């Protein structure tokens, strides 16, 4: 699908979509429990992949109004009767690969062409050390993956610099191992807030994880635990909301109120602080969960460390493109291992809109200026598409392709933007 975007501003109120990362974890922990209610889940392409995988392991998931009623398999996953297809979802693939280590048989997991390019080596290696048997069919650490159950607890270490999803997956599976597990992180743990979200959810499900007090890079996980997630309401998603907040900050005459943004462990709440640093007119009523942004102020350049919040990189890159001065997005090599190599995608597309940009191995240097309309490629990546849509609001006369990819995390993105006043036109494919 292609859309064209004209110069626009945004006005009005919008409810932030529910958090993708919390939804993935809530569904997974509910499947490992007996019976649970997950309230206000995000139902997107990625989270539907987690629902399908949970059902293949033996859970029953029913939708009732805005809730999911989940009858789980009580910590004993069945051997799936078919290949698990995680579609485009890295979280689904990684979490379910670890859960496959708890079965009495063999599980095969795969995904779409993009997911089959993403690395899984550290997770496979650690599962093998823990007594399961895990490999890639092509011997390249990428899906399709084959996992034979047999997970036992022991002392292991895992590389932390590629993806925090490997650590989250093991933190979820290891409490059901026969013995306790000690998991030590080697190197710098990237995207740490996502691990904190996992631990927060595990505690709510009655599962104990002891974190090493010094620097939080060692986890002691007692075995033979039981999951009991009763009921959980999914909070709003700061990653998805970042596009709404940035849209208002970037455009003259805009004023937007985004609801359902309460304080949480999400690292991407950093977008509020980043917008403040850049000089945006933004207020956050934490108790009410309401963020208000008024456009019109000239944004200033910023230095942004992407270590903990890789999903904000496309949003910050577009903010930098309209800010005064030269911004740097640093510590961002792990952003290359997402649905696409997002640093390369941004470095390819933003210059088409007139942006002066320098790409290095783990950074982008962006000098703000005037944007001009162009035809740009969305790279089949929801975050690239949504960030280019923001640039289009400023540049005008901008056409973006592969826009159907927003279904991964924010299915109503274009509808919400249109309701807020963005001039969007769908172009029929020839």
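Cβ from N, Cα, C; glycine included.
Not measured: the values here are computed from a predicted model.
Here Swiss-Prot flags 20, 21, 25, 163, 164, 165, 191, 311, 338 as 3-phosphoshikimate binding site, drawing on sequence analysis. Residues or ranges marked as phosphoenolpyruvate binding site in Swiss-Prot: 20, 90, 118, 165, 342, 383. According to Swiss-Prot, the feature active site, proton acceptor maps to 311, an assignment based on sequence analysis.
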Note to self: Is it possible to get the count of other C-beta atoms within 10 angstroms of the C-beta of residue 311 (active site, proton acceptor)?
What the structure shows: 25
Item checked: Top Cα neighbour of residue 165 (phosphoenolpyruvate binding site) in the set of recorded positions 20, 191, 311, 338 -> 191
Note to self: Cβ atoms within 10 Å, counted per site: which of 118, 383 has the most, among these binding-site residues?
What the structure shows: 383
Checklist line | Neighbour count (Cβ, 10 Å) for residue 25 (3-phosphoshikimate binding site) | finding: 28
Next item on the list: With residue 118 (phosphoenolpyruvate binding site) as the reference Cα, tell me which of the recorded positions 20, 25, 311, 338 is the closest one.
Entry: 338
Next item on the list: Between residue 338 (3-phosphoshikimate binding site) and residue 90 (phosphoenolpyruvate binding site), find the distance joining the two CA atoms and give it rounded to the nearest Å.
Entry: 8
Check: Out of 20, 191, 311, the recorded positions in the record, which is closest to residue 342 (phosphoenolpyruvate binding site) when you go by Cα distance?
Finding: 311
